[in-house]
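Over in Swiss-Prot, the protein carries these features:
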BINDING   Cys281, Cys284, Cys316, Glu323  [4Fe-4S] cluster binding site
Amino acid sequence: MTSVSLGMPSAPPPVLAPRRKTRQIKVGSVGVGSDSPISVQSMTTTPTTDINATLQQIAELTASGCDIVRVACPSADDAEALPIIARKSQIPVIADIHFQPKYVFAAIEAGCAAVRVNPGNIRKFDDQVKEIARAAKDHGTSIRIGVNAGSLEPGILKKYGKATPEALVESAVWEASLFEEHGFHDFKISVKHNDPVIMVAAYEMLAEKGDWPLHLGVTEAGPAFQGTIKSATAFGALLSRGIGDTIRVSLSAPPVEEIKVGNQILQSLNLRPRKLEIVSCPSCGRAQVDVYTLAEQVTAGLEGMEIPLRVAVMGCVVNGPGEAREADLGVASGNGKGQIFVKGEVIKTVPESEIVETLIEEAMRIAEEMGEADGEDAVKGSPVVSVS
């Protein structure tokens with residue numbers, strides 16, 4: 001069989017816009033800002049007081065590609081759990097603080113990499129910024145000023161009537177000015193809303209007002225399907241213009257699903273190296289094979305692989321050969337058989353019953369070759385299915 005060169009392209013893939021230039025901060029070992037890759041975050045759903053369960057969920061998130069994790073801290077018992085969690089977590093931990101400013105100081109003392117503060121609901125927050133800034137600077141802790149449409153300050157709500165983009169931005173800029181007034185600059189900002197249109201407008205406005213790193217998020221985005229659409233729409237609009245330095249996809253779903261979606265959004269925009277991608281046609285009356293089943297079986301068979309490989313599963317002769325040729329590995333099916341392509345070359349034709357097995361075997365062979373070339377284990381993670 002002909003040897004075919006595979007792997008990442010020699011030139012970097014194109015992006016829609018250069019990153020907006022921002023100041024650089026650190027969240028533990030992870031850089032956040034225009035000089036660093038865009039990071040993906042999630043938040044644990046376990047009670048923070050259940051240290052073992054929380055650390056287990058953090059381990060699962062880490063394995064799925066999470067860069068930074070946030071944990072809730074609504075009580076003194078939660079604050080007491082933070083030192084162990086921060087010390088044992090494989091990735092930087094952010095403590096999420098509302099209402100009680102004393103927990104901000106507890107989280108900083110506990111060794112959390114960062115603290116998220118909500119100026120809209122922490123009592124007398126503005127009066128304590130000086131002390132928070134000093135403590136954070138002394139411990140090397142960064143801050144996220146997390147403005148949320150659901151918890152704006154009463155004065156701002158009275159001024160604007162509701163959570164408009166202008167209201168969100170005014171709250172964020174005011175709090176940023178207080179930290180900067182006290183010589184503290186290691187913070188990022190979020191201005192979250194559950195409406196992607198308002199959220200996008202707020203971030204665009206905020207991006208014009210300073211060089212702060214921005215944490216993107218659509219708050220209360222909803223169940224998995226709806227939340228994925230909202231987040232992909234909003235993040236795509238902003239990231240394609242260079243706005244955004246770290247993201248959190250909020251879903252009413254297991255946190256690992258948030259990481260899968262976030263990583264896929266970044267990969268789709270060429271903002272993170274592409275990994276295994278399965279391209280499959282949506283099927284139609286021309287299809288001569290069960291494309292749905294083929295795609296599902298190939299996906300299941302390749303679960304656990306994490307390599308820059310595009311696999312095309314096509315069901316007819318219209319787009320099938322072309323898509324299969326464009327992919328690293330693919331099949332164009334019809335008349336009870338499938339033509340197997342590797343980098344545009346037909347390497348064999350197999351009966352329909354052997355398509356899945358053949359694709360998996362070829363993918364494994366390619367993965368092994370790529371792993372040997374890179375000196376790495378290419379079999380880890382899980383593939384992402386994109387239906388075209």
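Every residue, even glycine, has its Cβ placed from backbone N, Cα and C.
DSSP classifies Glu323 ([4Fe-4S] cluster binding site) as helix under the three-state reduction. Highest local Cβ density among the binding-site residues Cys281, Cys316 belongs to Cys281, counted as other Cβ atoms within 10 Å over all protein chains shown.
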